[in-house]
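The block underneath contains the structure these notes are about, expressed in C-alpha cells.
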Amino acid sequence: MWLDERLLALFRRNFQSTLTYWSVFFSFGLCIAFLGPTLLDLRCQTHSSLQDITWVFFAQQFCLLVGSTLGGVFKRTVKQSLFLLFLSSLTISVVFVIIPFCDHVGVLALVMAIAGLAMGCIDTISNMQLVKIYQQDSAIFLQVLHFFVGFGALLSPLIADPFLSDTNCIQSNATQNGSRNLEHIRNSLVPHHPRNVSHYVLPLQGALVTQVSYAFWIMAAINLPVPVAVFYLIYKKGMVPGCHIQNGGLLSADELAMEMHKENDSQKIEAHEEHGHAVSLLCCQNKKIWNAPFTFFAIHMCAAVTLFMTDGIVGEYSGFVYSYAVEQPLNLAHKTAGYLPSLFWAFITLGRLISIPVSYKMAPRSMLFINLIGVTATFLFLLLSQNSTTGMFVGTALLGLWLSSVFPSMLAYTEDILNYKGCATTVLVTGAGMGEMVLQILVGSVMQTQGSYSFLVCGICLSSLAFTLYAVLLVVDSLHNRASEDSACKPPGLDGEATSYQS
C-alpha cells in the first residue's frame with residue numbers, strides 16, 4: 001500500500017473537504033493564467049493601448065495580495081472560511097461571464113481587481129484549512145493542492161487558444177503592419193512592465209473582430225461546479241441556516257482510534273496552555289504576540305523572504321525568458337522562443353505531480369534543501385551554456401522542476417515548526433505574492449538598463465539569496481526548538497518575563 005492505513009483513514013474522514021479545497025485551487029489556477037494569452041484581444045475589446053492594458057495585470061496582482069491578507073482574517077472558524085471560499089469561487093465564475101462586456105480598460109481593471117481579491121482569499125484559506133486538517137501529514141496534501149493550481153493554469157491557455165485572433169482584432173489601415181508582430185507582442189507582454197512593448201503601436205480605432213468572449217464563457221461554465229461543491233460542503237456540515245444534517249454513520253476502528261488520538265492531543269495541548277507554554281497560539285493572541293521570542297518572528301521572516309525570492313524567480317523567469325531568448329546571444333526565432341514559457345509551466349506542473357509521492361517519503365526541509373540547491377545549480381548551468389539552444393530548453397525544464405514544490409514544502413515546514421496552527425500561512429502567501437510582483441518590476445528594469453545578459457545574473461543572485469535565507473531558517477529553527485525545550489523544563493512562575501507571552 002502506497003499510503004499507510006492511518007493516513008488513508010484520515011483522508012477518507014476528510015475526503016469531501018479535501019476534494020473541495022483542491023477543486024477551489026483548480027479555479028484559482030484557471031483565473032491566474034488566462035489573462036496573459038487573452039490580453040491582446042482584451043486590448044482590442046477595450047480599444048486601449050498596450051501600455052494601458054498591461055496595468056490590468058497590476059490591478060489583479062495587487063488585489064491578490066490584499067485578498068491574501070483578507071483571507072487570513074477569516075481563519076478563525078471553518079464556517080467563515082467556507083462561506084468566503086464559496087463567495088470567492090462564485091465571483092470567479094461571474095468575472096469570466098462579465099469580462100466580454102467590459103468595453104473600457106478602467107472597467108476591466110476594476111473587474112480584475114475583484115477577481116484578484118477572490119483569488120487571494122482562495123490562496124490563503126485553502127492552504128490554511130488543509131494545514132489545520134492534516135497537520136504533520138499536510139505536506140503531501142499541499143503538494144496535491146498546488147498540482148491542481150498548475151493544472152488549472154495549464155488548461156486555461158489551451159481553452160483560450162482557439163479563440164485568439166491570428167491577426168489584429170481591430171481592423172484598420174495599420175492592421176497589416178501590426179499583425180506581422182502580433183505573436184511576438186503576445187509573448188513579450190509582461191505584467192507591471194509596459195516598457196517591454198512600448199515601441200509597438202497598434203490601432204485603437206476600427207472594426208472589432210474577436211471571438212475571445214467564448215473562451216471566457218467556457219471557463220465560467222467549467223468553473224461553475226466549484227462554488228456548487230463548496231456550497232454542498234457547507235450544507236453537509238450543517239452550516240446553512242435552517243438546514244441541519246444528522247450524521248449517523250459509525251466510524252471504523254481506524255477512524256475511531258484516530259479521533260481518540262486527536263482528543264488526547266487536544267487535552268495535552270489544553271494542559272500545556274494551563275502551564276503557560278502555548279507558544280504556537282501566539283499568532284491568534286494579538287495582545288501578547290509582542291512578548292514572543294525573537295525566533296518566532298525570525299521564522300516567519302526567513303520563510304516569507306525565501307518565498308519572496310523563489311516565487312519572484314517564477315514570475316520573472318516566465319515573464320522574461322522569451323525576451324531573453326530572442327536577443328543576443330541566443331537569437332532564437334520568435335516561434336521557437338515562444339515554447340520556453342510553456343515548457344517552464346509544464347515542468348512546474350509535472351514537478352508538483354512528482355512531488356506528491358516524494359513528499360510522503362521525504363521531509364519538507366530535505367525537499368527544500370534539494371530544490372534550492374537545484375535552482376541555483378540550474379541558473380549556473382544556464383549561464384555556462386548561454387550560447388546553446390539545447391541548454392536553454394533543458395535548463396528551463398529543470399528550473400521548473402526544482403521550483404515546483406518550494407512553496408508547499410516551505411508552508412508545511414514552517415507550520416511544522418509552529419505546531420500547525422495555520423498562523424504562518426497568511427504571511428507566506430503574502431510574501432510569495434509580493435515577490436512575484438516586485439521582482440518582475442526589478443528584473444525588468446535591470447534588463448532594460450543593463451541588457452538581456454543580466455537576466456541570468458539576476459536569477460543566480462536571487463536563488464543564492466533564497467538558499468542563504470533558508471540556511472538561516474534552519475539555524476533559527478534549531479534555536480527555536482532549544483528555546484521551547486528550555487521553556488518547557490522551567491516550572492511556571494520562575495521566569496515571569498518568559499511566561500508573560502505564553503499565558
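Cβ coordinates are placed from backbone N, Cα and C, and glycine is handled just like the others.
The region 'Disordered' annotation in Swiss-Prot falls on one of the ranges 164-183, 484-503, namely 484-503. Note: the stretches the transmembrane segment (289-309) and the transmembrane segment (139-159) are not in contact (fewer than 3 CB pairs below 8 A, sequence gap of 6 or more). Most Cβ pairs under 8 A with the transmembrane segment (214-234) among the ranges 19-39, 82-102, 105-125, 427-447 are made by 82-102.
Only sequence-distant pairs (6 or more apart) were considered; of these, at least three Cβ pairs between the transmembrane segment (105-125) and the transmembrane segment (53-73) are under 8 A, so the stretches are in contact. Long-range contacts of the transmembrane segment (53-73) within its own chain (CB-CB distance under 8 A, at least 6 residues past either end) are made by residues 35, 39, 42-43, 46, 84, 88, 105, 108-110, 112-125, 128, 189-194, 197, 425-426, 429-430, 433-434, 436-437. Cβ atoms under 8 Å from those of the transmembrane segment (366-386) belong to residues 306, 310, 313, 329-330, 355, 358-359, 392, 394-396, 398-399, 401-403, 405-406, 409-410, 413, 453, 456-457, 459-460, 463-464, 466-467, 470 of the same chain, restricted to positions at least 6 beyond its ends.
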